[in-house]
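What TrEMBL records for this protein:
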type	residues	note
ACT_SITE	Lys179	active site
BINDING	10-38, 73-74, Asn78, Thr104, Lys254	NAD(+) binding site
DOMAIN	12-170	domain '6-phosphogluconate dehydrogenase NADP-binding'
DOMAIN	173-299	domain '3-hydroxyisobutyrate dehydrogenase-like NAD-binding'
Amino acid sequence: VCSRAMASKTPVGFIGLGNMGNPMAKNLVKHGYPVIAYDVFPEACKEFQDLGAQVTDSPADVAEKADRIITMLPSSPNAIEVYTGANGILKKVKKGSLLIDSSTIDPAVSKELAKAVEKMGAVFMDAPVSGGVGAARAGNLTFMVGGVEQEFDAAKELLTCMGSNVIYCGEVGTGQAAKICNNMLLAISMIGTAEAMNLGIRLGLDPKLLAKILNMSSGRCWSSDTYNPVPGVMEGVPSANNYQGGFGTTLMAKDLGLAQISATNTKTPVPLGSQAHQIYRMMCAKGYALKDFSAVFQFLREEETL
């Protein structure tokens, strides 16, 4: 439960107002936090100005005005720029500030950012999320948190406003490690669901009936029962909206690339993860980059020769 009395007094910075960051920041506003916002695309901030948030011109300006900041960015290079760039957070960060990065990036980058933040007398924690845009809107995200354990309660106060599960994983980088493992499994299960649904449809099964059977049988998974990739099977998911919104194929390909780097560094065999990476990279090359990752169903239906 959020401490609303405390919330009403202390502003929170939020950098990165995209598909995930937008509803996350809105949930902070709903819980009484004055939000100080920045996004590289000014139009993303207009909605927050209308909600009473203060909009700034750079990440450095956010750091000047808030000593608790959450970042939600697309990739490692974006995170490096926001924290250490010419107008980055570290240019004006206050000593004792708590910086929480909810981006999904390379665990090694999280560790480097933590060192740079520590040199400035501030605290860095990685806290990537799982659950997608729907959970972000509902405030039901799962946060996987890495960092100094003594700071976990301070981070949890903010994160519980946006998520229903906030789990401490260990030192900086372990949150990212958990997220990368989760997304590799998600990609594999989404491809498996898409393959099974495609095969069943070609064998003459009604897709809704097949999904119902899968979801009461041993093949059941999140990709089949909560985020089904077949148009017309479920409402309120990207497959019902021409695969718009949700979690982009290019981002899934990026996360699978992070899993590949980690697997190489740890000498871990991930044959299905590698195959999933190649499939999502092919999708990006064939016009699916901006579609939700569940569009793998559509891609596989079109790829007769795979």
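All positions are counted from 1 along the displayed chain.
Every residue gets a Cβ built from N, Cα and C, even glycine.
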State the mean pLDDT for the domain '3-hydroxyisobutyrate dehydrogenase-like NAD-binding' (173-299).
97
Between Lys30 (NAD(+) binding site) and the residue listed as 'active site', the C-alpha gap once rounded to whole angstrom:
26
Rank the binding-site residues Ile15, Met20, Ala25, Val35 by how many other Cβ atoms lie within 10 Å of each Cβ and give me the one with the fewest.
Val35
Taking the Cβ of Thr10 (NAD(+) binding site) as centre, how many other Cβ atoms lie within 10 Å?
15
I need the CA-to-CA distance for Ile15 (NAD(+) binding site) versus the residue listed as 'active site', whole Å please.
20
Count, for each of the recorded positions Lys30, Lys179, the other C-beta atoms lying within 10 angstroms of its own C-beta, and report the residue with the smallest count.
Lys30
How many neighbouring Cβ atoms, not counting its own, are there within 10 Å of the Cβ of Pro74 (NAD(+) binding site)?
19
Alpha-carbon spacing, Pro74 (NAD(+) binding site) to Lys179 (active site), which is rounded to whole Å:
14
Could you give the number of helix, strand and coil residues in the domain '3-hydroxyisobutyrate dehydrogenase-like NAD-binding' (173-299) as assigned by DSSP?
87 helix, 2 strand, 38 coil
